[in-house]
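Engineer: Below: one structure in structure tokens.
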Amino acid sequence: MSVTTPSRTYKPFHYPWAMQAANRHELIHWHEDELDLQADVNQWQDGSLAPHHKNHITQILRLFTQTDANVAGNYCDYFIPIFKNNEIRCMLLAFAAREGIHQRAYALLNDTLGLPESEFTAFLEYDEMAQKSTFMTDNKSDTPRDIALALAKSVVNEGVALFSAFIMLLTYCRFGYMMGMTTVVEWSIRDETEHVEGISALFIEYIRENPEILDDQFKFEVYQMFRDAVSLEDKFIDLAFAQGDAPGLTAQETKDYVRYIANRRLLGIGFKENWLEHVENPLPWVAEVLGDQMSNFFEKRVTDYSTVAFSGEWGWDVLAPV
């Protein structure tokens, strides 16, 4: 039995952790129709946001929906056809389905704020965005080595590339701005943290079943992949901040955070940290924003959302390191 071998029966489970991940993910289900964006629209139109803040948000939204379309495509095109064990597939299917909700929710932000439909393709006009999008989907699956690298790329995509955008948007809620938008970000962070944990576990299991992959050249390629991703994020961050800082957040602070979270993702797949000067969280306010007090999905009020009975140390200060 391996993660790529078809399951003959539903039970016994060979990878119970994957079915547990699928079940846990469904228990934090949400839908874009639950969002309330009216206050965001008011602030967008009444001058509450400075022009350079609106530009900052717009630059991120231009690529935001496409990044999750890329992630969903990778699940459908690469991982689900390859990993045929039923427990693993149930986990991957749960993750892929949530990416569809993410896309619709992010697109709803664009549509509700009145951004033209042309914004969904505008990222192609910016090298900083187009290169990042291409990087996310540049995978192969011809050999076990290719598959392992694609899994590592998925950790980079969901655990680094998406999180830089999350942090840039999340800072607005600290000052009472764009609370509906940042609710989307909070819910997405919870989802993507689950995805990163699940894919990291799958990466480790796949390497365990194919130990010949893990040579020095493979390790170098993984580290270089992370370095390339961070370099692309730097360019995207510079573009997003081109007209000025976001409320309470600078471009350099965002770059520092990207290196910190990239270190956390490397540790999560069994590698060592690469940016030794960025081992501590440079943005402690993230823990304050992403604490247990979240908007209840169904009652639309602030409460402890405990559908999945969160317990133990989730470590929101590091966005649940994997």
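Note: Cβ is positioned from N, Cα and C throughout, glycine not excepted.
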Engineer: Can you tell which of Asp68, Asp77, Asp127 TrEMBL lists as binding Fe cation 1 with Glu99, His102?
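Structural biologist: Fe cation 1 site check in TrEMBL: besides Glu99, His102, the record includes Asp68 out of Asp68, Asp77, Asp127.
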Engineer: Pick from Glu125, Glu128, Glu158: which one does TrEMBL list with Glu99, Glu192, His195 for the same Fe cation 2 site?
Structural biologist: Glu158
Engineer: Can you tell which of the binding-site residues (His102, His195) has the fewest other C-beta atoms within 10 angstroms of its C-beta?
Structural biologist: His102
Engineer: Measuring CA to CA, name the entry from the binding-site residues Asp68, Glu158, Glu192, His195 that ends up nearest Tyr106 (active site).
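Structural biologist: Of all the candidates listed, Asp68 is nearest in space.
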Engineer: Name the residues of the same chain, 6+ apart in sequence, whose Cβ is under 8 Å from the Cβ of Asp68 (Fe cation 1 binding site)?
Structural biologist: Glu99, His102, Gln103, Tyr106, Leu162
Engineer: Quick check: with Glu99, Glu158, Glu192, His195 left out, which same-chain residues have Cβ atoms within 8 Å of the centroid of the Fe cation 2 site Cβ atoms?
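Structural biologist: Other same-chain residues with Cβ inside the cutoff are Asp68, Val71, Phe95, Arg98, His102, Asn157, Leu162, Ser188, Asp191, Glu194, Val196.
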Engineer: Excluding Asp68, Glu99, His102, please set out which residues of the same chain place their CB within 8 Å of the center of the CB atoms of the Fe cation 1 site, keeping sequence order.
Structural biologist: Thr67, Ala69, Val71, Ala72, Arg98, Gly100, Ile101, Gln103, Tyr106, Ser188
Engineer: Run through the Cβ atoms and count how many others sit within 10 Å of the one on Glu158 (Fe cation 2 binding site).
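Structural biologist: Other Cβ atoms found within 10 Å: 27.
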